[in-house]
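Per TrEMBL, transmembrane segment is recorded for 22-46, 58-80, 102-125, 137-157, 169-185, 191-208, 285-304, 310-331, 351-373, 379-398.
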Amino acid sequence: MFNPLLLFNERLSKHFKETSRYLRYIFNGHTAIAMFFLVSAISIYYQQGLQHLPENFPTAWLIGIILGIMVTFIPVRTFLQEPDIVFLMPAEHKMGPFFRKALFYSYIVYAFFMVFLIAALSPLYFHSFPEQRGIDFLLLIIVVFIFQGWNLLVNWWMLKVRDMRKRRINQIIRLVVNVVAFYFMFQGHLLYAAIATVIMIGLFLYAYRIGQQSKGIAWEDLISRDRYRMQFFYQIANMFTEVPHVKSKVKKRSWLVNLIANVPFQNKYTYAYLYRITFVRSGDYFGMYLRLIIIGALLIYFVPNEWLKIIFALLFLYLSSFQMVALTFHYRTNIWPDLYPVDKQNQQKSLSALFFQLAVIQTIIYSIIFLLIGNYLFAALTLIVGSIFSSLFTNYYVKAKLKKIL
C-alpha cells in the first residue's frame, strides 16, 4: 500500500545523505579556517561601525526590507523528482500528508536561517533602539516567524496558479506589505503595524481561496524548482570537489589560452600543457581563482586597518591555493592521461609548478594593490610572506598530497 509519509521520510533521508556528503568537502579544514577569520573580521568591523552610526540611520527600514524579502520569497522544498509525474501524479489525491510534511520541513529549515539572520541584525537593532527591552525584541521575532508561516502557505497556494503574472503581482504586494509591517513594528507604531497585518491576513485568505478553487498540483513547476535549487548547490560543491551531477563546461577563452600555452613542444612538457589548458578552459577553476583574487583585492583596498589588510591577503592566498588542488582530480576518471608515455614524477612536477605560479601571481597582484594605496612597506611584506607561503605550500603540502593521489 502506498504510504506518502514513508516516501517523504525516504526522500528526506536521501537528501540529507547527499548534501552532507558534499558539505564535508565545502566546509573542510581549510575553508573552515578561512571562514573563521573572515567572520571574525566582519564582526569586528560590524561592532566598530555601530559606534559611528549616525542618529538618523534608517535602521527600521533596513531591517524591515531585509526581513521582508526573506519571508516573502521563502521556498517550498518537496523533494519531487521527474519520474514522479508518471508514477505519483495518479495518486495525487493521496499525497496530502507528503506535502504537509514538506511544508513543515521547509518552514523549520528556513527558520534556522532566519534565526542566524536575526541574530546578526540584533546588535544593530539594540544600538538604534536602546530603550527597547529583550522581551520586546523577542515578541517581534515571534511576529516575524508568524509572517514567515503565512508567506510559506501563500507561496504554496499560489503555485497552483498557472498565470505567472498573477503570481508576480501577488509577490510584489506581499513584499510591500511585509516590509511596511516590519518597519512599523520596529518603529513602535503598533496601530499602523496592525493595519498592515490585517492586509496581510486578507492576502492570506485570498490565496487560500485561490488554492481551494485551483485543482491539481503544479508538478512540473515544483520539480523544476527543486532541480534548480539542487543544481545551484551542486555548482557550489563543484568548486570544492568533483560532482558527477554537474557537467564541466568547456570554454574557449582563446585569448587566455594563447597567453599560457606557450610551452615547448616536447615530451616532458606534456602535463604542463595539459593542466594549463585545463585550468583555463575546463570547469570553473579559472573563475574560482579569479573571484577569490577579486574579493581579496577589494578587502585589501577598502579595509582601513593595515594589519588586517595583510591578513586578508594571506587568507585569500591560502584559500585559493588549497582550492586549486582540486585540479589534481580533474582526470581521475579519464584513462587517456594514464596512457601518456610520461612518468608520474613529471606529472607531479607539472602540477606543483602550476600551483606555485598561480600563488605567486596572486601574491604579486595583492602587492600591487598595496602599492596603489601607497603602502610600500606592506607591499614588500606581502610579497615576501606570500612568496614564502607559495614555496612552502608547493614544496611540502602539494608534493605530499600528490604522492598519495598520483
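Even glycines carry a Cβ here, placed using N, Cα and C.
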Contacting positions for the transmembrane segment (351-373) when only residues 6+ beyond its ends and CB under 8 Å are counted: 271-272, 275-276, 279, 289, 292-293, 296-297, 300-301, 309, 313, 316-317, 320-321, 324-325, 327-328, 379-380, 382-383, 386-387, 389-391, 393-395, 398-399, 402
Ranked first among 58-80, 191-208, 310-331, 379-398 for CB pairs under 8 angstroms with the transmembrane segment (137-157): 58-80
Contact call for the transmembrane segment (310-331) and the transmembrane segment (22-46): at least 3 Cβ pairs under 8 Å, seq gap 6+: yes
Segment-segment contact (the transmembrane segment (169-185); the transmembrane segment (102-125)) at 3 or more Cβ pairs under 8 Å: no
Spatial neighbours of the transmembrane segment (58-80) far in sequence, C-beta under 8 Å, 6+ residues away: 8, 11-12, 15, 88, 98-99, 102-103, 105-107, 109-110, 113-114, 117-118, 121, 124-125, 127-129, 144, 147-148, 151-152, 155-156, 159, 171, 174-175, 178-183, 185-187, 219, 222-223, 225-226, 229
